[in-house]
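Contents: one structure, followed by commentary.
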Amino acid sequence: MYGSRGVGAFAGGRASAAVLGAALLLAGCSSGGDDGKEGSASAVVTQQPKEADPFWVNPDGAAAREVGELLGDGRKAEAQQLRKIAEQPVAEWINPENAEEQARDFTEGADKAGRRAVLVLYNIPHRDCGQYSQGGAADGDAYRDFVDAVAEGIGDRPATVVLEPDAVLHLVDGCTPEEFHEERYDLLHGAVTKLKGLKDTKVYLDAGNAGWGNPDEIHEPLKRAGIEQADGFAVNVSNFYTTEDSIAYGKELSAKVGGKHFVVDTSRNGNGPYTGGDPDERWCNPPGRALGETPTTRTSDPLVDAYLWIKRPGESDGECKGGPKAGEWWEDYALGLARASST
């Protein structure tokens, strides 16, 4: 992530990524199958009521497996706290090394449960400007192949895709060199077109957050990136701004892009943004944060399609403030988020 931004990388297994990080360790996604063993991941979580929360809870997510391990160790109090994370749907960050397989496995698992998978594509070339999550596809052709693979994996199954956190904002703030701007716009627009050609896939372009992003500056870049074809945009991805501030920011931006709807990442915004320490590092594993509103389509504003947990709570933002590498599960931080939350 870059400066006050705050994003995610690849998610899935024990060392999956959800905010910054190019660990690329997306491990097995069990799409069901309770083996009856106490403490097994599939034995500890169930789906949320579909009427308010149609999104898929992965029974083999990092938090679910941690709950199983804690129960096996007799640490029932900690396990109960981490259920606050394990029993909620979180986004799956697609690993480009096996993108088609992962997209298929996640959407099949969700479809079998009668739910919608939430996926994040975070592989744009020249990603993250050399920060914790630097990397991305080697070039434009590699990125197009990645998007094609994801689309093939999703097929006709329901999916909600958050497209390329930071990619548009880094065009605006000068972080991405000018020579790559045209290619990036073309790649984003092409990704929107490809994914919207699927039967039941919703697409939201990342649009920064209330502390990083000026609607007057980013509405035209969003249009060049394909916002008109997309279902809308996403705000506060992997960040901590309150839902109220995020909605205000989103509504101001929506008015400049044809009234498009948006989704809000509420995963860790329960206590709002951190205001201490180095301003350029406040997004990275800030202390004293809390889980936010749980994922739902029952939001406080008709322009907000959903509150989502796009960042995966409990996974590190990077090697700062005592945290492990970006995307690795950090039990102490996860417990801190849970204990500070009334969820």
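Heads up, the Cβ atoms here are built off N, Cα and C, so glycines get one too.
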Notebook entry, point to check: Can you pick which of TRP56, TRP93 TrEMBL lists for the same substrate site as TRP212, ASN239, TRP283, LYS311, GLU315?
Noted result: TRP93
Next item on the list: Out of TRP93, ASP166, TRP212, TRP283, give those recorded positions positioned within 10 angstroms of ASP317 (active site, proton acceptor), comparing C-alpha atoms, in sequence order.
Entry: TRP283
Note to self: Tell me which of the binding-site residues TRP93, TRP212 sits in the most Cβ-dense spot, judged by other Cβ atoms within 10 Å.
What the structure shows: TRP93
Item checked: Rounded to the nearest Å - Cα separation of ASP166 (active site, proton donor) and TRP283 (substrate binding site) -> 14
